[in-house]
């Protein structure tokens with residue numbers, strides 16, 4: 001009877017020699033555009049809003065008419081040459097602090113931090129700052145610069161010899177001992193606010209979450225008891241009931257997860273993103289995406305916009321444990337500016353940020369069986385989806401023609417060609433097959449497992465990995481085998497795939513083969529806070545092992 005032969009592990013160690021890092025205080029890119037300054041207010045009649053889509057993880061310094069440094073207070077929307085200006089939500093570091101991380105926030109629609117990301121900041125010996133800025137996940141976002149006041153007249157004591165400048169209330173003296181920077185009151189005890197503290201220029205304010213309002217002290221929050229108080233916190237309709245109140249949305253809109261805000265439904269699929277907007281909400285407006293050639297099509301009741309991860313100016317980025325695809329629906333009046341057809345006050349336009357989130361980590365399972373259903377991973381939801389991966393069984397080592405309707409019955413010592421295939425080819429992303437294992441049943445938690453790949457390393461030296469032009473695709477060849485026992489005539493494959501950004505040298509994908517000293521007791525289990533896994537089950541692989 002054929003037996004399962006366990007082969008020796010092959011450990012491949014790749015040593016990288018990192019180039020010597022340059023000091024960002026002397027190796028930076030200057031941002032000197034005048035429209036970046038906080039004093040520059042965006043005017044719709046003079047052009048389109050700008051977007052920092054060329055900023056991509058380098059070190060930058062604000063110079064010239066752009067300003068001295070990033071503002072550390074909330075900037076109103078429609079400033080810095082764009083709709084959503086980005087400011088630094090935290091104080092600048094001292095020179096001795098080295099490189100620190102700070103949150104950067106984009107202001108829009110009355111929310112000082114509607115979108116946020118993490119940037120790095122360093123104080124340089126010349127009295128200036130440099131910033132490592134990430135590319136915004138959506139447009140229209142611009143990193144702002146600001147001119148801070150120079151304190152060269154007001155001094156403590158004698159101004160002869162060693163003078164010490166003083167700054168106005170709400171500001172602090174910078175490291176150059178001349179510039180007055182805004183003081184971030186929110187960094188100390190949250191500004192005394194019970195919930196949200198928003199730093200403003202030379203001041204701050206307290207805010208409350210959805211369904212809550214500030215008390216008269218301006219610092220503590222209390223629950224909204226019903227629709228009579230600020231419409232119950234509802235963005236649209238508030239209905240009173242015997243047990244309390246509830247928010248409702250107009251026809252065609254859906255209630256968001258906060259149960260107070262109505263929003264346009266977004267359908268995130270594996271290969272398409274669809275936005276469906278009720279026509280009566282956008283009457284007189286022409287809708288288009290970041291790439292203005294992608295426009296909405298009306299079906300009589302709704303205006304629908306269909307696009308993919310690679311089209312219409314969609315920005316794809318890796319954020320923590322998710323792949324985030326973003327775009328912006330813009331609606332402009334078909335009439336002349338300022339006409340009664342405008343439905344958005346102040347901007348005379350409709351702006352709908354569209355975001356789909358896809359988990360980075362997948363577990364996909366497959367086997368060989370006639371009439372195999374090999375559908376791509378796919379979930380339809382308002383704002384979440386599954387990045388389109390599928391596990392394919394190929395006919396040969398060219399990995400060009402997969403089996404579709406029927407799969408052959410394989411014999412021992414035949415070669416099995418399989419691959420992890422993306423159905424959408426997106427630049428800037430790469431994948432890592434963290435693990436592949438076989439089981440005699442379709443259960444992923446089957447006790448009997450045989451690892452082909454583990455911790456990103458090939459565990460069986462009979463396995464061959466092929467290179468691919470697509471950084472998201474992975475191809476493998478393995479000799480056909482079966483599990484010990486006459487009843488085990490089937491084999492199922494399960495692979496766990498992780499998606500990363502190609503430019504992130506510290507990502508798990510960049511580490512490649514990475515054997516852990518001690519494996520956790522439940523390797524295939526997922527921590528509740530970790531990346532989510534999705535399952536695609538097929539199979540089984542039928543083995544003809546009779547001679």
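Each residue, glycine too, has its Cβ placed from N, Cα and C.
Worth saying up front: this structure is predicted, and the values here are computed from it rather than measured.
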Item checked: From the candidates 259, 299, the one which Swiss-Prot records as N-linked glycosylation site -> 299
Notebook entry, point to check: Minimum Cβ neighbour count within 10 Å among the glycosylation sites 89, 116, 299: which residue?
Noted result: 299
Notebook entry, point to check: In sequence order, which same-chain residues at least six apart have a C-beta under 8 angstroms from residue 221 (disulfide bond)?
Noted result: 194, 195, 206, 208, 209, 212, 213, 214, 215
Margin query: Can you tell me which of the recorded positions 89, 116, 186, 299 is spatially closest to residue 193 (disulfide bond)? Compare CA atoms only.
Written below: 186
Item checked: Per-state residue totals over the domain 'EGF-like' (182-222) - DSSP helix, strand, coil -> 7 helix, 16 strand, 18 coil
Notebook entry, point to check: Quick one: mean pLDDT on the domain 'EGF-like' (182-222)?
Noted result: 87
